[in-house]
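Some notes on the structure that comes next.
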């Protein structure tokens, strides 16, 4: 699951996405075998042997299907069939979700929403969504408080249930660290930069000094920028919902720190989630990368067997969350009650733990952390790192940063306009900042 | 009036029925009194009836979107609430005038359009000329020429994006072999536009070549023979026989390429593999189509996107009108 960046930016091509969107609309049509809707939410399994089909609309490889959760649900509820429709990219999925919500048609019974879009969905679509906070089986105390708050509107209704989150660590190459005379044991590496992102820069400078011609210290300035802002208590919006991205010192500090990585030549000057970045994993072009929980699978996938035993994972300087998703139930659905129960079950601690064990998506339900599937989880590819305990500690420390309607757009502009200009075209950070703010103003129509 | 036309028609009609009929006086014509007298008016509606399916579809998918886009362009409409529109008059248009991103996109569209169209048509002419010559396996080469056109934009662009990769791309590897410095094909303002244009050239050259090839077939051989008798070289034959002979095809391909260039979208979108619709860090290869998409579906401002769409239409109409004027002045 994870971030919009990870999923939305895989370039499988818009053609494929559009084809799939046609499939999505088709998939939302009711099952021909389905009975006409009984008045109101009729309880399932009313003895008639009639089967209800629930659809789940997601983007990317969400993992729910792959982890076998739908199959289990159907086994537990023989009167319900679950089908999934998927779009590869969130930037195709999200506008479509908005149009379907406003039109009240073409919707799946349960729809996924990325964390960067959740505030906008709550602010503009609240009357088109079902309150999930009161659904039987939903326990707010099971969730991390900040995640629960992100899915709750101003009127106190919880319209979105959290699936995964992206607690952060730093992944590093042991062999390259050894070459640079840096510690290689994950506890010592974590202590190297504990508490302060500037210590991460210091470690980078030390690394560069020892291996001036070796692989870069980190992949990209944009990656550093995203990781640092993810750990800030205030990011792009303040607690009252005002846009503060241009005046927030935390954003500017993250900007300057990330720019320093670029200017000291510590980055491989890559753009994340592009083919070049993927190739760089395989070619070992950098020694560290900001590592939300969902990134582990990505690294394993791209670095391949050659990276086994080389990569390891250590605690990040400060805890933060990068990425994550929610499930919502549109009010226009024909089986709202059944859909709400499915969403509640899919986001319950036991299922989230199973999703973590099978797919590496880290639970947003803190009640899942003591479960053995999380607490005892170790990652063989990363030197048997205790990823469950590591990410659980990070998740508990994530600051409760306010989310805003344009979070996704702002994060993407900072990365793809600002950091890319500094990192890849060598533009002066102040100039790039002005250009980025101008782009943002235009995008936000200010 | 109706009567005479009917007679003339009736007179024409039996003729091809039996070509073997002996020449002789035609059988007496029988005026068709059986037909109702309102026939003339019906004939007026008949073509429209036949056209009705097309007209219906055209209204639904051609006229209506055009009008709806015009209506949208005069409002502030967000994709988060498409039903709520606030009248803003010409504001969406006037703001384009001092919108640096719009002008940059227009300039990019023009430069990429020229970079793509000119070599594309010249290459197509050359390829058509080669294919026109009597060479072995002509059919095979024709299929080969058309193959890029049959490839999907997405597939082609993704391959080109890899080809033009900065660190591990083949283009830079080839430059390295001949001792040149690597080029940043993604961020270089001209390098990236050249790369995007090259995808267009690759995809459309064969298509245009086949059109030229068909046109070449219609140029009479005698003209070449006469020109050769007059002592014209191959090059002069090409200039004075071939080019005038395929002028309609040249005009058609120029028109289609211009429209395609103004609408250029898929190639720059996918070439910026991760960046969505921004067309590179500095918008260096963001075309008008891409800017429209960014405003509408990334920034969710439908009103502004609609205004850009109409501006594109007006630019296209103006460009074609200008081309017509120039042609008239030249003639």
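Each residue, glycine too, has its Cβ placed from N, Cα and C.
TrEMBL: automatically predicted annotations, no manual curation.
When TrEMBL is compared with the stretches B:78-104, B:105-131, the one noted as transmembrane segment is B:105-131. Segment annotation: TrEMBL labels region 'Disordered' over residues B:1-41 (candidates B:1-41, B:165-205).
Nonlocal intrachain contacts for the transmembrane segment (B:307-326), taken as residues 6+ away from its ends with a CB within less than 8 angstroms of a stretch CB, comprise 69-70, 73, 92-93, 96, 102, 106, 254-255, 258-259, 262-263, 288-289, 291-292, 295. For the transmembrane segment (B:105-131), the list of distant contacts is 138, 141-142, 145, 193-194, 196-198, 200-201, 204-213, 216, 238, 242, 250, 253-254, 257-258, 261-262, 264, 268, 279, 283-291, 315: same-chain residues at least six beyond its ends, Cβ to Cβ under 8 Å.
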